[in-house]
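K.L.:
Below you'll find the structure I mean.
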Amino acid sequence: MPMQGAQGRLRGSLNATPPTTPHSGLAGNQTGPWCLEVSIPDELFLSLGLVSLVENMLVVAAIAKNRNLHSPMYYFICCLAVSDLLVSVSNVLETAVMLLLEAGVLAAWAGVVQQLDNAIDVFICGSMVSSLCFLGAIAVDRYITIFYALRYHSIVTLPRARWAIATIWAASVVCSTLFIAYYDCTAVLLCLVSFFLALVVLMAVLYMHMLARACLHARSIARLHKRWRPVHQGLGLKGAATLSILLGSFFLCWGPFFLHLTLIVLCPQHPTCSCVFKNFKLFLTLIICNSIVDPLIYAFRSQELRKTLKEVLLCSW
């Protein structure tokens, strides 16, 4: 039936798992009694998406309102908020359309839904790639701030920041289009996974180096005041906790999704991998949770931004 075809297509290239072959000896739904499938209610999924949408819209509004926040660092944070906003919107839109399909409301529009599916998939993939890129850009920006403080404004200029932002958005559109067009190509999946792993390594190295530099700086200051141990230990624990939250939330929210892509390449027919495939909606939910956490880590810790956010909220009332 056309409606069934459209609905299957709407599930998207992103969560498409390779079909089982007659030679595998494994039925499509046979994963063993030990397989745990976490069911995510549509209401919860939509609610998280709406929370992320509102939260990131507030970040964008606050940065747009306050001219003091019109700097490269906040431009990157604003673009991260836009990317996270698009992640939420696209996933919420896809879920809403699927619910309408299941209810039969869009049965007469199957052809339009198929075209909408392509646009939504590109939207989802592009926003994910751009979100990851801007997380990396923020890490690089903070690294330059600490290690090249005196030269920061000559290195990270507004024109260069705008070029970097434009390049990231353009690359995200190209990557998402290629991924949706060639989602069944092993090389494309491996490129995405490699990109994620490279970004994890980059962020870990940069932030750990920044933490080491901060501890060394605190040690130097504490020696001058002859109270090295308590100050150094306190800063080290606080920095380690911040680093753990930053990298931990990033890996926890994004790791399962890229594990899913990796297993599609490595073991598409294995029962254990098939069990992982069943939890794809959980992985998307974790990515939306990351869109909720990002403003808390990168935006709302700024006193200036929080002050502007209060003004935005008061004006809205």
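A Cβ is built for glycine as well, from the same backbone N, Cα and C atoms used for every other residue.
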K.L.:
Any idea if Leu69 and Ala187 are on the same membrane side according to Swiss-Prot?
P.N.:
no
K.L.:
Write down the residue from Asn15, Asn29 that Swiss-Prot flags as N-linked glycosylation site.
P.N.:
Asn29
K.L.:
When you scan the chain for residues with a C-beta under 8 Å from the transmembrane segment (280-300), skipping those not six or more beyond its ends, what do you find?
P.N.:
15, 17, 38, 40, 44-45, 48-49, 51-52, 55-56, 58-59, 62, 77, 80-81, 84-85, 87-88, 91, 128, 131, 135, 138, 245-246, 249-250, 252-254, 256-257, 260, 306, 309
K.L.:
Would you mind listing the long-range same-chain contacts of the transmembrane segment (192-211), meaning Cβ under 8 Å and 6+ residues beyond its ends?
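P.N.:
Distal contacts: 129, 132, 135-136, 139-140, 142-143, 146-147, 175, 179, 236, 239-240, 243, 246-247, 250-251, 254, 258, 261-262, 265.
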K.L.:
Looking at 38-63, 73-93, 164-183, 241-266, which one has the highest count of Cβ pairs under 8 angstroms to the transmembrane segment (119-140)?
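P.N.:
Checked against 38-63, 73-93, 164-183, 241-266; highest Cβ contact count belongs to 73-93.
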K.L.:
Where else in the chain does the topological domain 'Cytoplasmic' (301-317) make close Cβ contacts, counting only residues six or more beyond its ends and a cut-off under 8 Å?
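P.N.:
Residues packing against the topological domain 'Cytoplasmic' (301-317) from afar: 58-59, 61-63, 65-66, 68-69, 74.
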